Amino acid sequence: MSLLEARNSYKPFEYPWAYDFWKRQQQIHWLPEEVPLGEDCRDWAQKLSDHERNLLTQIFRFFTQADVEVQNCYHENYGRVFKPTEVKMMLTAFSNMETVHIAAYSHLLDTIGMPESEYSAFLEYEEMAAKVDYIHQFGVDSDEDIARTLAMFGGFTEGLQLFASFAMLMNFPRFNKMKGMGQIVSWSVRDESLHCEGITKLFHAFCAERGCLTKAVKEDIIDCCQKVVRLEDNFIDLAFEMGPVPGMTAKEIKRYIRYIADWRLGQLGLPAIYMVEDHPLPWLAPLLNGVEHANFFETRATEYSKASTRGDWGQVWNSFDNRKKKIIGIEPAAENDGVDMFEQAGVAAE
């Protein structure tokens, strides 16, 4: 049995870790409509400077397309070669979450009033088109190709290119601007981090089975990393074409992507090449792990994901509805008495 061979029955699993990744993805599922964006519209029109609006516009022009390319890799590349059911479940769950990201970024752009012509505007910018052209060079025609593609997309596309944009976007919520966008980004970071972890695990399992992680392939992967960093440098320069914005410079973001690049190389079992030891953006981690920008009546996403590990779905929704009734002053029915899983999880009703 191998990663490239189908199994006749669902169980026993050969790769139980893949099923675990599938389950973890399901437990943190969310939808774009769960994020309130009304304040973002006001921020876009009234709070942002021309410099800030231009920086966001350049990122937005490529943001949706970046996840279109990632989703294509899951569907067109990985879907062709990996056969065990639990592995396909993991990959399909990750792929489906990329469609949510695509819809979420599009929802944000539509909400702030960007025209649909902007979805193809990336083709007019060499800095963006070059990123797409490079991504399209990767395939799955040989074991070595598969290893390189897993490293490229799991390590340096989802794991590096997207994180450069995430970092630039998250600078705005820390100044109380574009908080809905910040929520979309923080949930996307949570997903992409899971994807990086799962695809890296798949990379190591595949290379161990097939014996394809040769010296030449390792060197190719390091070259891929360096190429991606160079492409991101150009993209960052484009984003900052009008100069720095409050709280963030192009130099800081370039240093951050090198820090991330070394981290991803280490996860792939390869040596660091940039030697950036300290996190260049110490403000970023607390924002990604902080309080969510969500009105109780507008979102269920994280509350049910936390609760889902503590009972069945009926209990999840009953607990949610009971909490909602308490907030508006309606006493829950007696048959719903018992432990409220949100209270048990430490989620306040307010």
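Heads up, the Cβ atoms here are built off N, Cα and C, so glycines get one too.
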- Pick the one from Glu52, Glu158, Glu232 that TrEMBL also lists for the Fe cation 2 site with Glu98, Glu192, His195. Glu158
- Would you list the other residues of this chain near Fe cation 2 - those whose C-beta lies within 8 angstroms of the C-beta centroid of Glu98, Glu158, Glu192, His195 - in sequence order? Asp67, Val70, Phe94, Met97, His101, Leu162, Ser188, Asp191, Leu194, Cys196
- Message: Can you give me the Cα-Cα distance between Tyr105 (active site) and Glu192 (Fe cation 2 binding site) in Å, rounded to a whole number?
- Response: 14
- If you count Cβ atoms within 10 Å of the Cβ of Asp67 (Fe cation 1 binding site), leaving out that atom itself, what do you get? 25
- Message: Return only the integer: C-alpha distance in Å from Glu98 (Fe cation 2 binding site) to Asp67 (Fe cation 1 binding site).
- Response: 6
- Note on the structure: Glu192 (Fe cation 2 binding site) has its Cβ surrounded, within 10 angstroms, by a count of other Cβ atoms equal to 24
